[in-house]
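Q: This structure is in structure tokens; I'll ask about it shortly.
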């Protein structure tokens, strides 16, 4: 009985804070964009608009989930659930400061599951049976698959630095120096690729309002739309937490080791705020520019960096112990 309770409570203890963080990330986004455009943002519901996410969530979940008569019913309903399930599953191997499941190949697991999220987007666009939704879904799939190539190669270079696929290994390897310092070109490309991977501005071509109405989720309303929304923002938080663990020495703080989780949260929040800053500052890329960036610029540079980061430690005999 105790085991059952533990297996129920442990995932809940991770899922509920993630969903709460997602809710308030939407509020921060609206506030930040508001102040950057010289306006207030939401400030009616609750003090300083703090209850706005709760009001939004309540409104979305009590709305009738309208389904177009031409859509494929089963696929149309299952894809939003699949999207959120995948987004929450990705948090399992992250050390926050202790992972839910300490996988030997944590990085590989994250890459595999993040590749599967493509199916939820493709399924939703396909099931809607609408040209705008399908074009948005195809754009999203092409974009996600393209940028996953550069993400995977950057990860490979960082694994050579750290000496293992386990995320806790990254914390140990950054006790003396952040990997951001020796690998700053990789870190810059990683951050831009995470923007593209999560379909955020300036790479939000999947939901280009001017040409695609709203992209792959154009036919979704109420609860299913809210699930897509939660999945998108959970992925943003996940990517920034992962960036923190990989490049910014997430845990190590020799003076106050008990503040490791707060340390991680502050860094991940700062990176998330940078996402919002980028959204407020840059216009949308053209589709050919988006593809040119990853295949003609990022891919050759990343391959060159992998060769450099592999050959130099072998030449100088300074490869880290492989775990």
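Quick reminder: no glycine exception, Cβ is built from N, Cα and C everywhere.
Since this is a predicted model, take the numbers as computed values, not measurements.
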Q: Which residue range, 53-73, 74-94, is the one Swiss-Prot calls transmembrane segment?
A: 74-94
Q: Would you mind telling me which of 29-49, 176-196 Swiss-Prot tags as transmembrane segment?
A: 176-196
Q: Sort out the residues at least 6 away from either end of the transmembrane segment (105-125), same chain, that have Cβ-Cβ distances under 8 Å to it, and list them.
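A: 75-76, 78-80, 82-83, 86-87, 89-90, 92-94, 99, 133-138, 140-141, 144-145, 148, 151-152, 155, 159, 165-167, 197, 206, 216-217, 220, 228, 231, 235, 242.
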Q: Does the transmembrane segment (298-318) make contact with the transmembrane segment (74-94) through 3 or more Cβ pairs under 8 Å, each pair 6 or more apart in sequence?
A: no
Q: Between 8-28, 176-196, 227-247, who has the most Cβ pairs under 8 Å to the transmembrane segment (150-170)?
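A: Of the candidates 8-28, 176-196, 227-247, 176-196 scores highest.
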Q: Sort out the residues at least 6 away from either end of the transmembrane segment (227-247), same chain, that have Cβ-Cβ distances under 8 Å to it, and list them.
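A: Cβ under 8 Å, 6 or more out: 18-19, 21-22, 25-26, 60, 80-81, 83-84, 86-88, 90-91, 94-96, 110, 114, 117, 120, 124, 155, 158, 167, 170-171, 178-180, 183, 187, 190-191, 194, 197-200, 217, 220, 264, 267-269, 271-272, 275.
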